[in-house]
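Right, one structure below, let's go through it.
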């Protein structure tokens with residue numbers, strides 16, 4: 001076979017697998033050069049995959065140096081993050097110590113132990129006494145505490161932001177074995193604890209050093225255990241400790257009742273509403289970043305546009321006109337009287353300087369869904385051409401094409417951890433994908449009609465799907481089986497499931513239909529908490545706030561409504577008019593502001 005024929009065959013294969021950036025000519029290497037290049041490439045790609053790291057290549061001194069560097073960085077971090085990130089240091093230090101002993105580096109293990117034992121002595125005195133006696137692999141196998149660390153998961157409760165900052169530091173510093181310890185041996189429970197509570201809990205931790213460590217491998221939370229996700233097995237937040245902390249100045253519940261009710265009545269969010277005008281092509285879908293800096297839109301002409309709300313995009317293209325309208329409402333009284341002029345507070349901003357945006361081309365038909373990654377550097381789009389594409393927002397390039405569906409792909413959604421995403425299609429299936437593979441990892445089958453909306457459970461072990469067969473299902477990612485099915489008792493009266501969303505605490509699932517019905521389901525019990533005619537037209541978007549205490553719904557009837565899923569008697573907290581503009585997307589940003597997007 002000639003070189004030209006060989007290159008043509010390889011190019012055709014790469015194109016069939018979705019790789020678009022193919023070199024014109026292949027480079028020849030001798031064996032030694034190729035192995036050297038391959039070695040360099042492996043070293044540079046370990047940052048992307050901590051699980052591929054070879055522990056045998058780590059020098060004993062690297063454990064001490066990496067841990068010390070991480071500790072110094074944590075102790076110099078801002079106070080609000082330091083209080084949480086410091087919780088990772090102890091389990092990482094223990095695993096460094098045990099790993100060195102396991103590899104036979106007893107001298108280096110004792111060195112890192114002696115270096116840090118004074119720092120942890122006040123809090124973990126009993127643990128250190130057991131760990132200090134370990135001198136061999138046999139001692140690790142005989143010591144119960146060591147076995148708990150090796151075979152179990154050490155539980156740490158921190159905010160998601162602190163975890164992301166700490167994890168990014170390990171990745172950027174190339175401390176891959178610490179990243180591996182973090183992923184394999186630490187069970188991170190995300191919570192939203194304010195600074196005052198952290199101070200109380202931290203002082204309590206130092207005073208009594210109450211710890212919890214699972215004695216067995218941490219198993220995937222089943223749906224039957226969803227109610228206990230946030231309550232059991234916390235590191236130092238036990239019910240007894242909470243009682244001890246707050247007993248000194250406990251306020252009678254009767255006094256708190258009117259205070260709580262007044263707070264609840266004034267806790268409605270501010271709302272920013274973005275309206276798109278005067279576009280030649282039909283807009284099918286919207287999404288907005290969690291920091292409200294960028295809006296992504298998919299068009300009927302197969303293009304995708306990334307709009308910059310702060311004018312920071314490089315290589316800017318200019319839109320052909322537009323107006324942004326922001327609607328903000330804060331007062332409960334503004335909502336109760338719909339005829340009052342104070343019901344809506346409009347701040348119309350006429351944009352004289354045209355919005356910069358980037359335009360992306362690649363799909364061969366209308367784009368129906370789009371979704372940002374957690375770091376906003378990448379986004380996914382799905383189209384009528386039955387493909388999903390991964391784009392780099394900075395390079396303005398399509399990184400990969402995902403082929404597997406047989407018909408149009410209606411919806412696509414990233415998981416919270418990134419890397420994995422799920423898609424729903426007209427072919428009656430939902431599929432699980434990885435950004436490292438251009439073929440599906442799982443196929444979820446069970447619906448009798450097309451899957452129009454999808455969502456990931458917060459623990460990333462389950463996927464929810466909504467279908468035109470008027471049912472919603474939850475699938476287990478590990479087994480690909482349907483473990484829950486939700487439908488209305490008189491489901492024939494209710495239309496296609498058009499929107500679906502998990503609550504951040506993982507206990508509830510909200511679904512909306514094309515006939516305007518809103519349902520909130522208890523996942524653990526598999527039953528509906530409430531079902532109501534929320535809108536007169538199709539519900540286009542649903543999203544829980546980060547506390548799981550409110551649901552925002554957008555619809556084609558030009559209204560945004562706020563719902564209380566925990567109070568069936570006072571279900572609707574308020575509704576907001578959008579001046580006759582259909583709402584296609586609602587999303588809570590990092591500051592607790594509800595963002596809505598519409599187009600005319």
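A Cβ is built for glycine as well, from the same backbone N, Cα and C atoms used for every other residue.
Sequence annotations record features per position, and here TrEMBL assigns domain 'TFIID subunit TAF5 NTD2' to 59-186. For 484-545, the entry in TrEMBL reads domain 'Anaphase-promoting complex subunit 4-like WD40'. The repeat 'WD' annotation in TrEMBL covers 276-309, 360-401, 402-434, 444-485, 497-531, 532-564.
Sorting the repeat 'WD' (497-531) by DSSP state (H, G, I as helix; E, B as strand; all else coil) yields 0 helix, 23 strand, 12 coil. Regional average pLDDT for the repeat 'WD' (532-564) in the model is 92. Sorting each residue of the repeat 'WD' (360-401) by its DSSP state yields 0 helix, 24 strand, 18 coil.
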